[in-house]
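Peer 1: Structure provided below as structure tokens; questions to follow.
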């Protein structure tokens, strides 16, 4: 297997956005392949048994990191468990892998090997999340904000206002997706960005000049802009009813004097750091258990792949035998009118055996002893 990859560890998000693969064009060009793309990573997986043009692939993906064989497989299993994610153990990557795999199958671009790999990766990701706590507790400031709101106020059937649709706002949005919220409103100075994020949340976007109305409508307000000045001040919140406000912006979006209002509970980024740090430490402690699951499932996958390889060789071998049989039978039929049937059968069987022996000896002489002993044909022949 071959993997070409670019991710947040090497490139900033704006650069990754420019490196994104046009999936329709990708699937037109390559066989036996799957592309997995998220906001933080771009990866393409190739079955090299089908794609022998590895050099051409590498030319097409200059700037991408390259992984092959065992390293590529282990990498993908770690990705499925969220161990290679910006947020350790995050759940979203598993759904993205499933969606990517399904799209490749719709294009009829997978292979028996890639089918086995992706189904195994999905299974490993599920095991990691059910048998360990690698995905429990919010570890980003965004998810910690949502966790705090849920713990202190409850989010079921609440109206949530997210102010800010940048990087931090997006992290908040990811954490909100999994909650049973009545309504989500996204406000941002650039309305188009608010609209894009609101679609992901199945919510609604509002223009910034409608912020007052959105505040009145909301139960929970999460502020995550990059504004150099306050977005909400004391006079904005005097008669808006009971609200919980979580300000995770830096610099702050909410004037601290808001704490003087009895109807407002204000939390800042300092209140969240303890939550996220403790949760991250708990997730880190689960890494050895997840790695053990990956190693176990890798061994199972290799046995599945070996079986596939043997089946493919047997299929080719049967085709090869059948071709010889048909050719020798045609010769025998031509001779059947002029020779003794017993002699014809004798000659047919000898010619058949001689042809197989000749081809096997030729294969053996042109193959190293090590390769011969490791070949599925030899193992099966023994």
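Cβ coordinates come from backbone N, Cα and C, glycine included.
Per Swiss-Prot, substrate binding site is recorded for 38, 39, 40, 41, 85, 90, 91, 92, 96, and the stated evidence type is sequence analysis. Per Swiss-Prot, active site, nucleophile is recorded for 39, and the stated evidence type is sequence analysis. According to Swiss-Prot, the site 'Important for activity' annotation covers 75. Residues or ranges marked as NADP(+) binding site in Swiss-Prot: 164, 165, 166, 167, 168, 169.
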Peer 1: So among 39, 75, 169, all listed as recorded positions, which is physically nearest to residue 91 (substrate binding site)? Use the C-alpha atoms.
Peer 2: 39
Peer 1: Specify the count of other C-beta atoms within 10 Å of the C-beta of residue 165 (NADP(+) binding site).
Peer 2: 26
Peer 1: Let me make sure I understand the span of the substrate site: among 38, 39, 40, 41, 85, 90, 91, 92, 96, what is the greatest distance between any two Cα atoms, in Å?
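Peer 2: Largest Cα to Cα distance for the substrate-binding set is 15 Å.
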Peer 1: Measure from the Cβ of residue 40 (substrate binding site) and count the other Cβ atoms within 10 Å, all protein chains considered.
Peer 2: 18
Peer 1: Note the Cβ centroid of 164, 165, 166, 167, 168, 169, the recorded NADP(+) site, then list each other residue of that chain whose Cβ lies within 8 Å of it, in sequence.
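Peer 2: The answer, listed by sequence position, is 170, 171, 172, 188, 224, 225, 226.
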Peer 1: Taking the Cβ of each of the recorded positions and counting other Cβ atoms inside 10 Å, which one has the highest number: 39, 168?
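Peer 2: Of the recorded positions 39, 168, the most buried by Cβ count within 10 Å is 168.
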Peer 1: Are there any residues in the same chain, six or more apart in sequence, whose C-beta is under 8 angstroms from the C-beta of residue 38 (substrate binding site), and if so which?
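Peer 2: Residues satisfying the criterion: 92, 93, 96.
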Peer 1: Other than 38, 39, 40, 41, 85, 90, 91, 92, 96, which residues of the chain come within 8 Å of the substrate site, judged by Cβ distance to the Cβ centroid of those residues?
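Peer 2: For the substrate site the neighbour list reads 82, 86, 87, 93.
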Peer 1: Cα distance, residue 40 (substrate binding site) to residue 165 (NADP(+) binding site), nearest Å?
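Peer 2: It is 16 Å, counting Cα to Cα.
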Peer 1: Rounded to an integer, what is the Cα-Cα distance in Å between residue 168 (NADP(+) binding site) and the residue listed as 'active site, nucleophile'?
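Peer 2: Distance between the two Cα atoms comes out at 13 Å.
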Peer 1: I want to verify one value. Collapsing DSSP to three states, which class is residue 168 (NADP(+) binding site)?
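Peer 2: DSSP assigns residue 168 (NADP(+) binding site) to helix.
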Peer 1: Relative to the Cβ of residue 166 (NADP(+) binding site), which residues of the same chain, six or more apart in sequence, are found under 8 Å away?
Peer 2: 188, 193, 224, 225, 226
Peer 1: Inside 10 Å of the Cβ of residue 85 (substrate binding site), count up the other Cβ atoms and send me the figure.
Peer 2: 19
